[in-house]
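Annotation source Swiss-Prot lists intramembrane segment at 60-67, 68-79, 80-88. If you look up Swiss-Prot, you'll see 1-20, 89-110, 179-184, 267-291, 385-427, 466-488 marked as topological domain 'Cytoplasmic', on the strength of similarity to another entry. Summarising the annotation, Swiss-Prot assigns topological domain 'Extracellular' to 48-59, 136-153, 204-244, 314-364, 447-450. Feature annotation from Swiss-Prot assigns transmembrane segment to 21-47, 60-88, 111-135, 154-178, 185-203, 245-266, 292-313, 365-384, 428-446, 451-465.
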């Protein structure tokens, strides 16, 4: 008996959101998407009962814009468990260790979805338990423990239960959006978190609490409320790198422009309908063919490595210096320092006095980050294309099923597959590597609102793709015959 037969009784009974039986009207899809978005913002503002927020430490602070969620809320873990489970499944599927045919076998599809949910539950435990009980990153409030009479261990149990419920909720919220809404829940949550930071970075006012945003700062500079240094060197540093944030604004606008341009670069393969004369179309193979979602997997892998390092530092007294050295919870040396991604200008601009790190160490760290992101982006893009039905074989079958064919070629899926193999694998690798390079460069230069460059890159690309999906949904809504022809529902 194989593992599928042994695991089927458990995996097939995993709770799941029911698929719609027929076509879901566009307005209803928008309603589901908007409702889940409101619920997400609500849950990020529900604080953990029993948490001593004053001494709590956000393990995913540097990666929060990518992993979504909110520190100290029931969505403490964000999409981390979902993404980590996806990494494991991508690696197992890429090595063909699962033996699942998710394209053609309904039974394997059910097993795959059940296995994903099981892995998400495991990742919630593997991430949440050390965070609460071992590393003391989410300490219990002593006053709550005394008033309830259950001790700090009991309060920590309550904290873990809350973040576990939050992890399960975000899993099913993602599934609802994927089946009943527009786009994916993971992408929606990233857009929500990054947009919130971006708007705050542009429009926040010091009088409302916190630091001044970009516009408030420049109003102060223009009116003279904020004094600028007299020295030309200090003036340029303040305007571009300091309060003025001009470099951050330029980087933000540059990322918007590059991503929108890259999304529009494509190779278009002509198609014609086999039975309807004059019906023609094109199959676009975009430069960023695999989308930017594989980049979430790469950054999440880095986040898990750093999470493990901080956990070891807090619980392993004799942790060797070659593995990692920490100062005030931040890695400053050892292997984990070199593996830590560049997050902002303060991590590498030694020539401006923004960091005291050795220039050679900084150069090695930047080089490792570039290699990790470029190679990782390409590898995960390949895995993503193959496991999401975007590879040459799956695409050829979809074109065949829609009644389309490539002019000048026989109407045969094998023939279409050979044509697709000329473009899809190469474009997938180039696009994945390009996104990795852009992510590192964006992080190095910084962005408005202290949003990570990777987070902004993901947000712009996901928003662009969401716009395309909404336009496609509206077209299908106006012309139901096209929906039947291309099998959208």
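Each residue, glycine too, has its Cβ placed from N, Cα and C.
Averaged across the topological domain 'Extracellular' (314-364), pLDDT in this predicted model comes to 88. Relative to the transmembrane segment (21-47), the listed stretch 185-203 leads the set 185-203, 245-266, 365-384 in CB pairs under 8 A. If you count C-beta pairs under 8 angstroms between the transmembrane segment (185-203) and each of 154-178, 245-266, 292-313, 365-384, 451-465, the highest count goes to 451-465. Under 8 Å from some Cβ of the transmembrane segment (245-266) lie the Cβ atoms of residues 198, 214, 217, 239, 284-288, 345, 431, 434, 438, 442, 445-448, 453, 456-457, 460-461, 464-465, all in the same chain and six or more residues away from its ends. Tertiary proximity for the topological domain 'Extracellular' (204-244) is limited to same-chain residues at least six positions away from its ends with a CB under 8 Å from its CB atoms, namely 345, 352, 448-449.
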